Amino acid sequence: MKTLLLTLVVVTIVCLDLGYTLTCLNCPEVFCKKFQTCRNGEKICFKKFDERKLFGKRYRRGCAATCPEAKPREIVQCCSTDRCNR
């Protein structure tokens with residue numbers, strides 16, 4: 001009986017969702033390899049860049065609670081899965 005109870009406790013702990021933390025890219029380069037673990041409440045990954053520049057685009061990537069607004073001539077892309085803001 002104790003073995004069954006212990007097994008049920010272990011299975012319950014393993015199956016519990018102990019919280020999910022989103023991971024987003026966070027760097028200004030086109031080919032970004034730096035990751036950031038988002039803070040509690042940040043459920044969005046974003047990527048911003050200036051649409052006017054063909055070469056040397058400066059990207060801004062990171063985590064956010066909501067999708068940031070685009071400024072004039074700026075493109076913003078948002079998503080909500082791990083490392084989706086490539």
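Using the three backbone atoms N, Cα and C, a Cβ is placed for every residue, glycine included.
Positions annotated as signal peptide by Swiss-Prot, on the basis of similarity to another entry: 1-21.
The disulfide bond annotation in Swiss-Prot covers Cys24-Cys45 (among others). Its Cβ taken as reference, Cys24 (disulfide bond) is surrounded by 26 other Cβ atoms within 10 Å in the chains shown.
Swiss-Prot lists Cys27-Cys32 (among others) with the feature disulfide bond. Neighbours of Cys27 (disulfide bond), defined as other CB atoms within 10 A of its CB across all chains, total 15.
Within 10 Å of the C-beta of Cys38 (disulfide bond) we count 20 further C-beta atoms, all protein chains included. If you look up Swiss-Prot, you'll see Cys38-Cys63 (among others) marked as disulfide bond, on the strength of similarity to another entry.
Cβ neighbours within 10 Å of Cys67 (disulfide bond), excluding its own Cβ and spanning all shown chains: 14. Feature annotation from Swiss-Prot assigns disulfide bond to Cys67-Cys78 (among others); the stated evidence is similarity to another entry.
Swiss-Prot lists Cys79-Cys84 (among others) with the feature disulfide bond, giving similarity to another entry as the kind of evidence. Its Cβ placed at the centre, Cys84 (disulfide bond) has 17 other Cβ atoms within 10 Å.
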>> Give me the long-range Cβ neighbours of Cys79 (disulfide bond): same chain, 6+ apart, Cβ under 8 Å, in sequence order.
In response: Ile44, Cys45, Phe46, Asn85
